[in-house]
Every structure is written in C-alpha cells, then in structure tokens.
Amino acid sequence: MRIVFAGTPDFAVASLRAAAQRHEVVAVYTQPDRPAGRGRGLTPSPVKLDAIARGIPVFQPQTLRSPEALATLRALQPDLMVVVAYGLILPKAVLAAPTHGCWNVHASLLPRWRGAAPIQRAIEAGDTETGVCLMQMEAGLDTGPVLLSQRVEIGEQETGGQLHDRLAALGAQVLSDGLGLLRAGIRPVAQPQPAEGVTYAHKLDKAQARLDWAQPAEELARRVRAFNPWPVAEAILAGERVRLHGAVALDLAHQQAPGTLLAASKQGIDIACGQGALRVRVLQREGGKAITAADYLNARRDLPALR
C-alpha cells in the first residue's frame, strides 16, 4: 500500500514512524523550513528530519492549491494520504487524489475540540478525559466521519506537554490499527460525527497566556497546565512579570484584592485570585530559567514579610 504522509511538528513523528514501520511511505509532505532559534536560521520540521533519516522523499510546497502541487501528488499514485498536524489546507482535489482518500489523526474525541489546539483547550476547559480519533477527511474543518478512536483520562496535574506526548503515542497506535485493517482488506466503518457537542479549539497565541488575577484560581491553574510548555502562562507577581510553569488552585477564602501575595513558603507562593488563591510552585523571571518558589524567595530578599 502506497502511503503519502503529511505532517509537521513533533506530534506527527510517532505516526510517521508507525506508518513507515509496516507500510510503504512513498513521500512525506511537510511545511517549508522556518526561521527559528536565536540566529533565526531556517530550521526543518521534526517530520522532515525523521523522513530524511528514513530516506523518504520530502516535499515542502507553500500550498496544495496549485495545479502543479496536485500533479505532483497524483504522480506518486498514493493509495492513502495520512495527515497529522500538517498545517496546510487540503483542497477537495487533493482529498480525492488517493485511492482511499485522506485519513487524519486528531488529538480529541470529535466533535469536541475541532481545530488547531485540542490538547491545550481540553485541559484549559477542565475536561477529565480526551482521546484520539482517526478520521476520514472531508472539506470541512475536522468534520469527517470517525474510523477509529481511543479514550484516555486527563491527569489532575497533567500539563499540555505531558498530554501531548501521551496522545502522540496513542495516535500512532490508532493509525497503526487502522492501516493494519486496510492492508488486510477491511475498511474501518466510518461513523458520522454527532451534531451535538461541537466545540472549537482555537489556535494558541502568547496574548492568551497572560493571567488576570481577578479570575478564579481554578481557571488560572488549568491555564498554567494547558500552556506548559508553550506559550507558558505569565503574570505580574510582586511587581515583576514572571512565567508560571507550575501552580495549583487553593480553595481559600480571603478578603484581599486579586494579585495580593497572601503567603509564601518552600511549598509555594500563594496569590489572591477573584475566587480562591493560586499557589505558584515553579516560575521563571525574565532572562532566567525556571526555578522553584523556594529559590525565587531566596532571590527576592526585598520580600521579608513573606518569608
């Protein structure tokens, strides 16, 4: 079975490896190299690096809408195109080019959290479970019928990065199961997504990571977890902007204004919120590295009342 794989970030690498392990991946599509790092040099995507290591031809078109891009894809004579966090829109002509169409590995239990950031939005919303769907792609945004799915619980203190890694591995397994069925001549039964329960996981940006202490502590704690390791929650603490890498909500009654430092110890720095308090455990000063609350207090000798 001739497979064309399309993906870009780390999340897609496990699925590429699963596809290449037992099947013929004739080409990999990934986004063009982007400037990255302090030197802003052009950097290949994680998927490109893995494909090169496997000797798989790599294509990096700016768009798939051109006649030339479609002709190139058709010339590969794919039986199936597997798409995992690719980042480019697939027009109808591309969706129809492979014999079996295009499959997508999506990191949510569709129709909940269609869109670009399902992992982070699930944590931010306080979901207790999520999962991975293998979907037959169609023109709509993550609207296609589901072929296979797997469900997992979200840990109480699980971060976006930790859940990302678990779902990347789970997605690779679900894809492997689907490819195994197709190779055996068994096409997975496509289940249309229900009309109820549709939500959208809008793309993350740094502005969303700025915390407002007037919000409930529980919501802020979820955002700290969701936005770790990117874009990383940030807030004003004791007069300086810091990034928050670890925090928990406290069910603590108080009469203080949001943003007031309530207490501090080796266990964390407690900050008044609109409801409850947020205990900051790991944080990062501008230009520094992530440190514990205890190390932060040692560095902030100007806060004797909190020591």
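Quick reminder: no glycine exception, Cβ is built from N, Cα and C everywhere.
Going by Swiss-Prot, these are the annotated features:
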- SER108, LEU109, LEU110, PRO111: (6S)-5,6,7,8-tetrahydrofolate binding site (BINDING)
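For the binding-site residues LEU109, LEU110, counting C-beta atoms within 10 A of each C-beta gives the highest total at LEU110. Neighbour density for PRO111 ((6S)-5,6,7,8-tetrahydrofolate binding site): within 10 A of its CB lie 19 other CB atoms from the protein chains shown. Taking the mean position of the Cβ atoms of SER108, LEU109, LEU110, PRO111 as the (6S)-5,6,7,8-tetrahydrofolate site, the remaining residues of that chain whose Cβ falls within 8 Å of it are HIS106, ARG112, TRP113, ARG114, PRO118, GLY131, CYS133, ASP142, VAL146, GLN193, GLY197.
Long-range neighbours of SER108 ((6S)-5,6,7,8-tetrahydrofolate binding site) (same chain, six or more residues apart, CB within less than 8 Å of its CB): ARG114, PRO118, ILE119, ALA122, THR130, GLY131, VAL132, CYS133, ALA201.
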